[in-house]
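Take a look at the structure below.
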Amino acid sequence: MGLLDLFFVASIPVLKVLLLTALGLCLALDRIDVLGENARKQLNTVVFFVFNPAIVSSNLAKTVTLESVVSLWFMPFNVLCTFLIGSALGWILVKITRPPRHLKGLVLGCCAAGNMGNLPLIIIPAVCKEKGSPFGAPDVCHKYGMEYASLSMAIGAIYLWSYVYNIVRIFSRSVNEKDNTAEFTSKMNPGGGAAEILHGSCSEELPPKSCSISVDYANKCMLPSEAKMKIPILYAIKNSLRMFARKINLRALFAPSTTGAMIGFIIGIVPQIRKFIIGGTAPLRVILDSASFLGEAAIPTLSLILGGNLLKGLKGSGVLRWLIIGIIAVRYIFLPLLGIVIVKSALRFGLVHSDPLYQFVLLLQYALPPAMNIGTITQLFGAGKSECSVIMLWTYGLASISLTLWSAFFMWLVA
């Protein structure tokens, strides 16, 4: 099969995404206002809490087994490589372009996190169904393709909410703290009087009576070094774990998609649970059928929301031109090239099995546009919302060309 034929096969799923995205963009226009900002927020909430967990859990439960998890061990490492390499390239981009501080977390997030779930779930089944696909029979290709795409989505969700979420949170928190300090100073010190008041209040001496301390209380007081020595080890460990959990926000780590992935893994891996839920004669098969039915709504709904969100990017441009070019270069040039080196090296050393579809998915993970949930994260912290829309507009607009070219090249490479 020639490279030109593969190009046409790869272009079909991307065109499907573009058509749905264009429809979402039209529905979000002010004249139509079917998919306005409030409607998108409500719909996004439904997708986040219902559709995404349903599609991840149902696909993983149907396709993942203990044997397949062992054989697919390289995929979590591969997704981690995309995040780490993207972060390193994003840090270089930040040093070169020097964006405002509130945009640094956004830039690092866009370079690190790709759309690991929604686009592979659209592209891979569509490629399998196309005539002339290099991945064999459409039914077999679809079965394994959905397994790989679901696993990719689950792992991507875990890394996104545990890693990128906290990067954006750290940079946005420092900016918000700075803004709050400036606002407090401007309110309390309009003419320089607040500093004098504060200075005066601190310079007052305490009454003599307040300085009398009982001997018993004095004996209980100790120096910081002595206090540290007398703190029990278990209490110190507990306190450290509490501070760690507060910093990384474990609640965000267990997002609905992550929880759905865990449920899908448990159902698929544990044989006793699997035989009750999965299969034509399983007594509780209606549960999986209902989850699959709900999950089918995720992809078209997300595509419509994506189109509506891109409308913001058309209305405003607050991002440096070289910053957008840098993010596009990282995601569509440097990452795919490094991905080819990593996957081919892993294949040469026997770390990846010779299934062409599996290799294609591993390569595709390096060529995806930024994760749409980055927009949700920036909206959550109120840092870089409009800039994120502009970045998404350009990256997803160019994804139609980039994804088609890279998909065709990857298919030719693994065929």
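Any Cβ shown, glycine's included, is placed from N, Cα and C.
Annotated features in TrEMBL:
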- 6-30: transmembrane segment (TRANSMEM)
- 73-94: transmembrane segment (TRANSMEM)
- 106-128: transmembrane segment (TRANSMEM)
- 148-168: transmembrane segment (TRANSMEM)
- 252-273: transmembrane segment (TRANSMEM)
- 293-311: transmembrane segment (TRANSMEM)
- 323-343: transmembrane segment (TRANSMEM)
- 363-381: transmembrane segment (TRANSMEM)
- 393-414: transmembrane segment (TRANSMEM)
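A Cβ distance under 8 Å defines the sequence-distant neighbours of the transmembrane segment (106-128), meaning residues of its chain 6+ beyond its ends; these are 9-10, 12-14, 16-17, 52, 55-56, 79, 82-84, 86-87, 89-91, 93-94, 99, 135, 138, 141-142, 145-146, 148-150, 152-157, 159-160, 163-164, 167-168, 171, 257, 298-299, 302-303, 323, 326-327, 330-331, 335, 357, 361, 364-374, 377-378, 383-384, 387-388, 391, 395, 403, 407, 411. At the 8 Å Cβ threshold, with sequence separation of at least 6, the transmembrane segment (293-311) lacks contact with the transmembrane segment (73-94), having fewer than 3 such pairs. Packing against the transmembrane segment (323-343) from elsewhere in the chain are residues 78, 81-82, 85-86, 89-90, 93, 96-97, 99, 103, 107, 110-111, 114, 352, 359, 362-363, 365-370, 390-391, 394-395, 398-399, 402, 406, 413: each is 6 or more residues past its ends and has a CB under 8 Å from a CB in it.
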